[in-house]
Amino acid sequence: MTSIAEKWQKEWEKAKIFEANPDRTRNKFFTTVAFPYPNSPFHLGHGRTYVTCDIYARYMRMKGYNVLFPMGFHYTGTPIIAMADDVAKGDKELIDIFKNIYEIPDNVISKLADPLFMANYFRDEIKKAMKEIGLSIDWRREFTTIDPEFSSFIVWQFNKLQEKGYIVRDTHPVGWCPVHHIPVGMHDTKGDMEPEIGEFVLIYFNSDLGILPAATLRPETVFGAIGIWVNPDVTYSIIELDGKKMIVSERAAFKLTFQFDNIKNLGSIKGSELTKYKAVNPITGKEIPIMAADFVDPNVATGIVMSVPAHAPFDYYYLKKNKQQDMQIVSVIQVEGQGDTLAKDLVEKTNPKNKDDLQKLTEQVYRIEYNKGKMKDVSSLVKPEFVNYFKSFIGLSVPEARQKVTEFLIEKGLGRKIYEIMNRPVYCRCGNEVVVKILKDQWFLDYGNPQWKALAKKLISNMKFIPPEIRKDFEFVTDWLQKRACARTRGLGTPLPWDKKWIIESLSDSTIYMAYYTISHKIRQYQLKPSQLTYDFWNYIMLGIGDIDKISSETGISKEIIREMRNEFLYWYPLDIRHSGKDLIPNHLSFFIFNHAAIFPEELWPKAIAVNGFVLYEGKKMSKSLRNIIPLRKALRIYSPDVVRIALTSTADMGSDVNFSDSYAKSVGEILRRYYEFIKELPKYDGEGSEFANNWLKAQVSSIVLSSTKNMDNIDFRSTINDILYSFDSYLREYIDMCKADGKEPNGKLLREVIETWIKLLAPFAPHFAEEIWHELGHTTFISLEKWPTAEESSEDLYYILIHEYHKRIIEDSQKIINYYYKGKPSIVKIYVAEQELMKVLREAVQILSNGGTLKQLMEKERPSDKKLANIIRKIYELAVELDDNMKKLILGYNINEREILELGTKYMSYKLGIPVEVYDVSKLDKSKYNKEALPLKPAIIVE
RNA sequence: GCGGGGGUGCCCGAGCUGGUCAAAGGGGGCGGACUCAAGAUCCGCUGGCGUAGGCCUGCGUGGGUUCGAAGCCCACCCCCCGCACCA
């Protein structure tokens, strides 16, 4: 199988059948799939999306479209650099994966320390995999995102976004390595921990030493702060921040230098020393004690916290432990049915033993109060000058109060916000603990811009989504997206045109590159230099803006070439469909939508997005730790390309995860092999077949063509493969059985016709296999370019299909009875058909039902002469209710003679049952012996 | 918390515009054919009861709508995924 695949891949390449050029006489279809980031070879998981795109591309090609399916490689970003560093450092885990999972030779691994070598090596590796799995790509258009030609395009895009006001400057907190001074994302940390950045509110409690900035996530409880906790065993720094003298832990003093410029270190003081002083609550104005507690972590925020025993389990617990519970607890938040001192009550009730218990209680209190808590009247607790403001707080929910208190504190200069790593400690790969750095003058794409959002929403409303459920995801993401940093200080990529120290980050330089495919091969063909690809040049190619004479003379590119490129762009754009995995919905695909909406006119907006789920291996998620990552090329060697294509795309529908299992892949290989053998043996069938069987088979094939076309249009590969691989197989067997039962040889000519239709249906899924069969059948064309089969819906086909189904149901019923036959071995099945009159009643019943009528109407129409007949009519009515729609059509459309229909199938029935089958009219039934009645389509069956 | 997707028989997994649904298709198990034998392949059975195509129970839990619910509505429980400057 693999050698067949190689053979046809070479033939395709030789004939250049996937190189697509503009052709005004044909409808075009432009499809893309999210290009790969080459930091590893492809594994099975990558394969699914690309094959999905390819199957659909091949389908559309067979439907007569001029299909463009291009590919590029995404070099932009930091992970490749980080990985190359790790290789250079001899990172054991990474090298182990390269060596033992991806089977990369040792002499190559050592070279991977060079990031560019790594990218190129994996690019080539991925490209090989793509070719080996049979993707029908036009490789002339390949590029990488660090090609200078591509960079010129990105420069144009960013200038465009800048012009429209969609790029803004702002400050922005990031995870930061305090030693090497670089931003730290998930790929740069030990254990791939994403540094989560959150906000603490500092509340300024005055003291004789200066301000004690208590850090809290719950500023709304400040009214109940009756003390300040410090850790007596650590050293605190005296600093100046915002011109104010403050006390914070030494670590905090260090960390805050990454967030503020105006910090001075004035000295230090022992924590135990601090407890000799008193502090003043800035909101209540009350003097409160500074107390010692070892639970205060100097590494979190400022290392100073306020004590609110009513609402913080730690605070109450330590108050009690220090025998200070005589202090008056002040309550601020009321929870319906749970009192107003939740922390105190829970500590008393559950009696926590250690910090873990207290931590759990804290989370519990936080959750309950956050969701259900209401503010009490706090105006009586505050300084006289604040009373009026806080009167309105009564009844506020906790989140509302939190926001208001925070705003109040900041406005009055009584507090401020700082950032902290919430899931600390997170360590940089270099070993240092990550801190928060505020980057100033960071560049953002302003996805929060209301006009831009509106455009994106408009694009979404006209877009087709597969599967349709994902539309909701896009709508939600569009609402939720805000400013997004679009440049980093390091990594591969294109510098921002107006501020070159910033590199445009990877999710921002990959939003409209599909447009670049349309002309990338022309840049190469005409050897255009990056310096020629100016802003004006791109403006003309992409938007038709500007004076072509001027552009031609300024860039030195001939007018013909510029025009040709513009025309080619216009031929292929808009993009017809984009494929990707579902993980890209909240990021790449949403940015793709936003940027198209921003840059291009509405008629060039992309038309459809198709996303697929992940690939499981033997029912489990593939992961490094489970070591169950199967390199794609390895799978191709083991199972052959066509089998992998089917196993990756056709066992689940688009949205859900596919389970790649060895046994399923093998069974696909097996069934393809069986088909192959069957086709080899086709010449031995030289009979005429039986008439009914021939008609039935033709009908069944038509129906498969119709359903497959419908399913392919919806990218429902699972149903299609089910029909063409498995149902079709059983139809062939049934056909041969039907002929045999009738004493006839199967019709070879018909079988050949049927196989020719079938192999075309299979071609998008198993193109190599299909190509081979197609040529075995004597054709010299490429099946990849053949026309997709068509069929007409016909009532005659339906008739044959339903009659055969009816036969099978009689067989099934007979079999059931035979299984319960107790008088030895059954020797004959006798079928007694209901009176023809009753069939008319059934038809009447169906008619009445389809007009929304009832049993009553049927009775009125039929006017049964006695009770027995009335009973039968009732049963017929019930039968009619349960018939499926096709059967109803059949009954209404044909004057059915049930006896004739049955006789068409008696030979088949007795063949299947292994004993003779005879058909009689019900009048021949000896009612004294068998208490049975015959209804239309439900004949009486007697086994003897 | 917010948003999305789910919970089906021994297992995996379809069905979800209400009626041929005791519920496709696999897998596993049991029995049979073929074979010296094993494997592969093919055939039958695989919720319970039943000496004739039937009855009963049943698709997360509890209600409801309906002549009729795996499917529709409500409430609850549980599981998975995403939540940003990162590809």
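Heads up, the Cβ atoms here are built off N, Cα and C, so glycines get one too.
These come from Swiss-Prot:
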BINDING   A:K624  ATP binding site
MOTIF     A:36-46  motif ''HIGH' region'
MOTIF     A:621-625  motif ''KMSKS' region'
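With helix defined as DSSP H, G or I and strand as E or B, the motif ''KMSKS' region' (A:621-625) counts 0 helix, 1 strand, 4 coil.
For the motif ''KMSKS' region' (A:621-625), the mean pLDDT of the prediction comes to 82. Under 8 Å from some Cβ of the motif ''HIGH' region' (A:36-46) lie the Cβ atoms of residues 73-75, 77, 79-80, 83, 97-98, 102, 104, 118-123, 125-126, 129-130, 506, 614-615, 617, 622, 629-633, 635, 644, 648, 660, all in the same chain and six or more residues away from its ends. Counting every protein chain shown, the Cβ of A:K624 (ATP binding site) has 13 other Cβ atoms within 10 Å. For the motif ''HIGH' region' (A:36-46), residue counts in helix, strand and coil come to 3 helix, 1 strand, 7 coil, using DSSP.
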